[in-house]
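What follows is a single structure, written as structure tokens, with notes after it.
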């Protein structure tokens, strides 16, 4: 039987900072092959990915996740080696403990326990794993390309659970049944460079930009709805000029990000911003790049099954949420209508001394195991 604690520690000890894998996926693959899964290793560029499937009939339930992690930063600030997976006082400390190697370990352990009680499961049903090594990076050679490969192989996912750390304060308090979209923008406002002592010979782009940036930052796109928070635009960088104090710069650049709901498209958001810019009569260039589209799984068998199972195991009534950042569910939901995210408490992810309670690993394993039981009840 697979021990989620031991597997989580082994995964953390592989320093798989994007895009390096360092044998992390091999650990998962060995366990899955032992359980009878057929594994397809899918390397795109410098990124390791794999898709594993057990069975070829019935509905296909997919566990999805990522083995890559963000860097540890200044390791001197950690209480222990970030890749030692230190086990102390009921916690495992290490990079990726909650995001999301702990969740991966629980998925595999739950699958092993479920199949031990259902040795003939694959004769009528299917289980699969979609695992990438490029979620924390640009996400160009990861899940997106695996999904393209699955489509070329006519592989279908009926249900998908992404094991991101969705819980807020307690394991089981939050399920993500959707995510906001994300668009990054770069705005350049051009003027005329010159000496500060000759204002009649310059056109100061900073002066031009100030009211424009204020107008854009105060835009109201919507009021939100029962699934999504109001759309939010935040400026992330403003740059103009150099170190000289007597030169009016020739241009100003500003970066921004928009998190938006399913009420909008990237094109409609860009049109709203251009409307403000055109009305300001400034010389500008606007570039916008979509990093993720919004999705929502409003209801259906998977949402209801996850809610009921979490409540059964944890005793909590989980809230459905679309808040927070983006995840690979934004890609998967285009291929699998029933896509939901549920996992560990994410309060320490990406931080110094990221850690997970050992007890939570056991509880999450039980949630995942009982979820499989609920979706695939014994026949007869």
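Cβ coordinates are placed from backbone N, Cα and C, and glycine is handled just like the others.
The Zn(2+) 1 site in Swiss-Prot is built from 66, 99 plus one of 164, 251, 267, namely 164. Cβ neighbour count within 10 Å across all protein chains ranks 66 highest among the binding-site residues 66, 350.
The separation of residue 350 (Zn(2+) 2 binding site) from residue 99 (Zn(2+) 1 binding site), Cα to Cα, is 8 Å. Of the listed recorded positions, namely 68, 99, 135, 136, 164, the sparsest Cβ surroundings within 10 Å are found at 136. In sequence order, 65, 100, 103, 135, 136, 162, 163, 165, 327, 343, 349 are the residues of the same chain, not among 66, 99, 164, whose CB sits within 8 A of the CB centroid for the Zn(2+) 1 site. Of all the recorded positions given, namely 66, 68, 164, those whose Cα is no farther than the 10 Å limit from the Cα of residue 136 (Zn(2+) 2 binding site) are 66, 68.
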